[in-house]
Amino acid sequence: MSWILQQSYLLLVTDLVECYFWALGAFPEPELGLSRRILAKNAVIFTMMDDVYDVHGTVEELELFIDTIQRWDTSVKGLLDYMRIIFEAVIGSLDEIEQETIKKGRPYCADYVKEEVKKLMRAYMAYMTEQRWFNKAAGAMCDASKEVFDWLATDPKTLVAAADHCRLMDDIVTHEVEQERGDVASSVECYMKQFKVSQEQAHDEIKKFIESDWKIINEELCINETAIPKRILKICVNYARVMEVLYKDNDAFTSATTRTKEMMAGLLVNPIPV
């Protein structure tokens, strides 16, 4: 990941270990090393992009950035230096995905990923909160068939539920800090305003939505009426599981807690006693 680490921009603070921790949770199988690497790398890229959108960029700068990605203008003319770096990182990542998946006889993967990037940018353009699901086409998809990609492009129930779960858990623990820095309203603020309830009541109701998302995810996994392999559906489960670890009581992704660091050390550093 030297193409990120070599840059000296202090505003682009990335959680490298946390991103790999998330990827490890989504793809724990030993044979999915490539999926873990690609997911972790792209999680870093889109964590930086999220920070640019939430904190660093002005409206005019963001509109140019989003338009450049929508047009896939690789000349990156007019972009600020740090935005150019991020877009070039996206392009570099797609090149890597294409090279790796061509080796596996799946040359179609990169095109699907590019469309997911553009879809995410359209969500930004509409001032919608991101779902972080560029990753859906950048991880297990290294080993997925074209039928799986076509299925993902339809935004199936299990995928939408996992993305919704991710968004809502994030909102509950981060919305206060985000409002202090002037971010757009989260689901918490929207619920409070629409139903004229307190923050605590909004949290309780949103947690019910999260429970409903889990029911959908588990139902789709247990009663799979599609031709999609169960291992693909299980990725949605694993992704949501990691979310429960990192966002259960606080934002342990952005500001790793002692408990989070201990878990990461236990998985990645400390030897397993035998």
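The backbone N, Cα and C atoms fix where each Cβ goes, and this holds for glycine too.
Pulled from TrEMBL, these are the features on record:
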type: SIGNAL; residues: 1-19; note: signal peptide
type: DOMAIN; residues: 16-136; note: domain 'Terpene synthase metal-binding'
type: DOMAIN; residues: 141-215; note: domain 'Terpene synthase metal-binding'
Self-check item: Across the domain 'Terpene synthase metal-binding' (16-136), average pLDDT on the 0 to 100 scale
Solution: 79
Quiz item: Using DSSP, how many residues in the domain 'Terpene synthase metal-binding' (16-136) fall into helix, strand and coil?
Solution: 95 helix, 0 strand, 26 coil
Quiz item: Could you give the number of helix, strand and coil residues in the domain 'Terpene synthase metal-binding' (141-215) as assigned by DSSP?
Solution: 61 helix, 0 strand, 14 coil
